[in-house]
Amino acid sequence: MMRPAAQQYVVTRPLYSEESFAQDHEKIYRHRKTMLDHIKQYFTCDAKRAKSTALSLLPVIGWMKAYRFKEWLLGDIVSGVSTGLVAVLQGLAYCLLASLPPWYGLFSAFFPVIIYFFLGTSRHISVGPFPVLCLMIGSAVTRLVPDEGPAFNITGFEGLTRDEQRVLVASSVTFLAGVMQLAMGVLQVGFVVMYLSDTLVSGFTTAAAIHILVSQLKFVLGLEVPGISGPLSLIYTLEIIFNKITSTNVCDVVISIVIMVVVFIVKEINERFKSKLPVPIPIEVVMTVIACGVSYAFDFKTRYGIDVVGYIPKGYEAPVAPNPQIFQETAVEAFPIAIVGFAVAFSVAKVYSIKHDYTIDGNQELIAFGVSNIFGASFRSFAASTALSRSAVQESTGGKTQVAGLLSAVIVMIVTLAIGFLLEPLPKSVLGAVIIVNLKGSLMQFREIPYLWRRDKADCVVWLASCIGAFLLGLDLGLAVGLGVELISVILRTQFPRCSLLANIRGTDIYKDRKDYISIYEPEGVKIFRIPSPIFFANIEFFRNKLVEAVGFNPLRVLRKRNKAVRMIRKLLKKGKLQWTSIGLLNTSCGPINESEDESNMEELDQPTDFKDFPARIDWNAELPANIAVPRVEIHSLVLDFAAVSFLDISGLKGLRALLKELIRVEVEVYIVACDPYILEKLHDCSFFDDEVQSSMFYLTLHDAMLHILEKHPEPIPKKSDYEKVKKSNKHNIQGVFDILLLEILLNKFIRVPPNAVSLLLLL
């Protein structure tokens, strides 16, 4: 749609280069802080900063002062009770993923929540077990303490049962992951989570969902399948399941199918009518209570051989110290656990902070989860993060602050201390079925593949790499593969950017890719080259090659050819075989002149062309005498658009300087436009400029540079009288040809004359 004329603008201002703009407009001097200044500021302490630090380290002080008891307390109580019931069930279920006795999941739903209440900045996430982290911990647990065969030779395993050994491994891994998170938070490196893109996390969690699904098949089918870790563990597990498929417990299968169907249907009802329901129906809790009652009434364990939760001890166990030897064995697994746990929790927290209009601090979140995991690991809990489904329950049931989280921990504590025995007859197949149903959202992420392929193929490759890597190699190596592919994709996009030649859109000061528009204006002898990326060591050669391709010649090759030609002309002038005349060089020799290949002093060929002993400069685009051949340069000006160049390293600086010198030495005027002020300042600091490469080549905008070029090299405008002369001349010539042909036909009819004789006479 055409814009109305009233929305047009007209600006009249001087034509600015960077130097002239700096002369006309004074800049404000700003003191740049040095590294020493930052260190001094970091360690400076006063009353205001001490108060700010205390509030940042204990965010509970800030939001508790503003707590609205009348408006928020009831919602937090309802949310806390609802979330607590879900946390009990998920704690028992997700503990199976970690290959630990189920009641330890209750510890993970209690201790980290208490710490996060005081240190966390999110008001809505529910802290506790997260299935992907549980599976990653289970991988480390089964590697050190396998189901079959002896455990690793680790000091501290002596006299412990297999379950106690596994708990020690899980708590030690959790402790180490917490130390890593705390260290990253103290060092203010919370930005590392930004390297985990949404695409990478989506592919990774999809593969994790497949791992979780396969790991729960043994509970759903009632099979005894040993835990397997490492690359291709998923394939080996499926192989064992298929080999034992004939030993399936039918009762477990029936219970699982009923649970999955009912939970799935009710969850769909909750989703469809969430605006009308005051609170979501806690169907997992309801079905768990029913399954417990039915299992106890009909004694499923004895009559059908169903595996149940079993004995749940009352109370909490004494704190335990982590095992340093386990740290050495599991450091590789602990780091991705720390990163993934924080990344998932931060992503969910960011969603709710935007929705409810408050801020969260990534570094403080790292500290909160680090301390939560360190404290929880001391009481035998495993790594905590947040589950989206549990956080959704806490937020949707009216939770306003972490008071709801604290009340959910109280519910978990009541179950642990008083009524845990009621869950002893619960079939593990029920827990497996609940876990599988909750995987729907993660498994449905496969639908993103066609969308990503249509929109961004590089992102699609990252998704597939992270998913396939995690599927085949395991979650820890798969995350590394996905991160590696993601970084490679970023490097390739930066190293091989889409460079383009620009042209002016007629009647405007706008310049676009010349391939995309019809009504464009390109002055003869001018090229505008745009590079949309930083210039650094990895892409400087690509930048050079693309520029050479765009201008149509290699400046270094042209320079060497010219210097060779000058060297040869100088020799021929001395020998008298060439003579300098008013119209140029004249060949005075009778025979052809053979070009001699003089390879001495090759480094001189890269220097500026020397015309000091010539009476005039050589016109390189004119015909040269004898067989001297030099590639022609069809352009006189080159404009480099640096608007998208965000930084320039030393290698890029050196390469750019060498390229500019080569272009200048073959008599091409180079202009650099829209350069970032910090890059320009860096060029001055690095002694970039000299007698050849001068700061006057930098212009404020692309249009300023083009106006300067057109002023310096005006295009010839044909006069109207010239067009009329050409038109009349062409008209007379055509008429004369017709007259000659007509006369020739008449004469040939009456008089015999040689063919074309009349034409020849008339032309003479």
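For all residues, glycine too, the Cβ spot is worked out from N, Cα and C.
Annotation comment: TrEMBL describes 516-709 as domain 'STAS'. Marked as transmembrane segment by TrEMBL: 73-97, 103-120, 166-193, 200-221, 241-265, 277-298, 334-354, 366-383, 403-423, 461-488.
The average pLDDT computed over the domain 'STAS' (516-709) stands at 85. When each of 200-221, 277-298, 334-354 is checked for Cβ pairs under 8 Å to the transmembrane segment (166-193), 334-354 comes out on top. If you count C-beta pairs under 8 angstroms between the transmembrane segment (200-221) and each of 73-97, 103-120, 366-383, 403-423, the highest count goes to 73-97. Residues 67, 72-73, 75-77, 79-81, 83-85, 87-88, 91-92, 103, 106-107, 109-110, 113-114, 116-117, 125-127, 288, 292, 309, 312-316, 394 of the same chain sit 6 or more residues outside the transmembrane segment (403-423) yet have a Cβ under 8 Å from a Cβ within it. The listed stretches are 73-97, 277-298, 366-383; of these, 366-383 has the most Cβ pairs under 8 Å to the transmembrane segment (103-120).
Cβ atoms under 8 Å from those of the transmembrane segment (366-383) belong to residues 57, 95, 98, 100, 104, 107-108, 110-116, 119-121, 127, 129-130, 133-134, 136-137, 167, 170-175, 177-186, 190, 316-317, 319-322, 337, 341-342, 345 of the same chain, restricted to positions at least 6 beyond its ends. With a cut-off of 8 Å between Cβ atoms, the residues of this chain six or more beyond the transmembrane segment (277-298) that come close are 78, 82, 85-86, 89, 255, 259, 262-263, 266-267, 269-270, 306, 308, 393, 396-398, 422-423, 425-427, 430, 434.
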